[in-house]
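One structure is given here, and the rest of the page talks about it.
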């Protein structure tokens, strides 16, 4: 459901979608816990608390700029872990039907997204309330990015092969869906999908080298690559409005991620032990910027999961987290998977390959299904698990619902603050400040204050650290200009952020010092 909901421009384009998917997962998790007598966990689960302590340490040392960033990182890690627990217990108690429903939902979402993506190309219906816009002629459906849509279609593709064993599916219907998913993937012109297809095809041939399997892989590849070449040509010829790139054009185009990687990699050595703080890739980019850095783009993620870990946590903890992810993949791959379970493992691989070039791990609607499937495939021995009393996990779930409710309440309060500021800015000479206790969403709240409130009011009521914090976390013309003005007695402190903003905005920019009457 969340894959096909329209994007919003509300603080984050995917925010509403992610709230819905977390709500759905909490309902599923609550139902599972209430229906089971006992819950099993991996024995290494307590190691998670060490990472939590490290995050709190980063926050205490002010590496994590706002409590909001700490909160989001704790929640992402916790939800992924809980989704693994959900999948692990679904297998133990033979609740395979839950996994089937998740896979069916992936297929349904991908097919609806195919129709939306096709509509983006031929423009039968144009409605910003129903559909997202295409990405330079590439289909995105309602996922905002072509690569996300391509990952969804590949996950749905292998979900269909897995479910084929359990349900009688008409051959014509089966192959119609297969062709539709391939067609949808081609519309995205995603190079990460091309890489995934090559690597997964190689994996299948090595895993199952029998003649029938090799022939099947060859035929599917033939259809995919011919479609990749011919379909963009077809659309460019018959629908010249909103032309898409040809496949050759896509192969020739460079990517900004390859330009930013060297800069961010070198930046990790400036803070090798504690890192820049969880979620602070943008800060690492700004602090390591130079005249030869990537221009015209500000990165909140490095587009590589392992580089993100090292930037966030430093080399020691970042390497340990990376080792855990790789170990999880290896453990699943070596857990005596049958042919059908291999399709589920490939869904994880599709996500993982995408993580090497993008950041799908920052979206709950990818993270939760991947966590559940990973837990379902984990075949842990009795020595590798321990039984947790139901009462303890009930407490965790209760706290999860409490946090979800509190977050939703603060989100509504933040929305009211934004709406009030916007209306005052449009129709009044000055914006009256709103005193609110948005401790969870303190970063967004401070961003609104610095964007809308008068500088002279802010300088009297906020310390200089407030201006620096917002300028580095949310660099914009307004935040940089106001921070620059606070440093009028020592402009050298502000020159770095000004130069960095010139690079990421790709324009000449020199702020003016604002002055206030005493």
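Placed from the backbone N, Cα and C atoms, the Cβ positions cover glycine too.
These features come from TrEMBL:
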- 15-34: transmembrane segment (TRANSMEM)
- 46-65: transmembrane segment (TRANSMEM)
- 71-89: transmembrane segment (TRANSMEM)
- 96-118: transmembrane segment (TRANSMEM)
- 172-188: transmembrane segment (TRANSMEM)
- 178-320: domain 'O-antigen ligase-related' (DOMAIN)
- 194-210: transmembrane segment (TRANSMEM)
- 217-239: transmembrane segment (TRANSMEM)
- 310-330: transmembrane segment (TRANSMEM)
- 342-357: transmembrane segment (TRANSMEM)
- 343-455: domain 'Virulence factor membrane-bound polymerase C-terminal' (DOMAIN)
- 392-412: transmembrane segment (TRANSMEM)
Feature contact check the transmembrane segment (310-330) with the transmembrane segment (172-188), CB under 8 Å, 3 or more pairs: no
Surrounding residues of the transmembrane segment (15-34) on its own chain - C-beta under 8 Å, 6+ positions past either end: 1-3, 5, 7-8, 79, 82-83, 86, 89-90, 95, 98, 363-365, 368, 390, 393-394, 397, 400-401, 404, 408, 411
Maximum Cβ pairs under 8 Å to the transmembrane segment (392-412) - stretch from the list 71-89, 194-210, 217-239, 310-330: 71-89
Within the predicted model, mean pLDDT of the domain 'O-antigen ligase-related' (178-320): 89
Selected stretch (most C-beta pairs under 8 A with the transmembrane segment (46-65)) from 194-210, 217-239, 310-330: 310-330
Number of helical, extended and coil residues in the domain 'Virulence factor membrane-bound polymerase C-terminal' (343-455), per DSSP: 83 helix, 4 strand, 26 coil
Non-local residues, at least 6 beyond the ends, that sit with Cβ under 8 Å of the transmembrane segment (217-239): 121-122, 178-179, 182-183, 185-187, 189, 194, 197, 201, 204-205, 245-247
Chain residues in Cβ proximity to the transmembrane segment (194-210) (below 8 Å; excluding those fewer than six residues from its ends, i.e. six or more beyond): 151, 154, 217, 220-221, 224, 228, 339, 342, 346, 349-350, 353-354, 357
Secondary structure tally of the domain 'O-antigen ligase-related' (178-320) (DSSP, helix then strand then coil): 97 helix, 0 strand, 46 coil
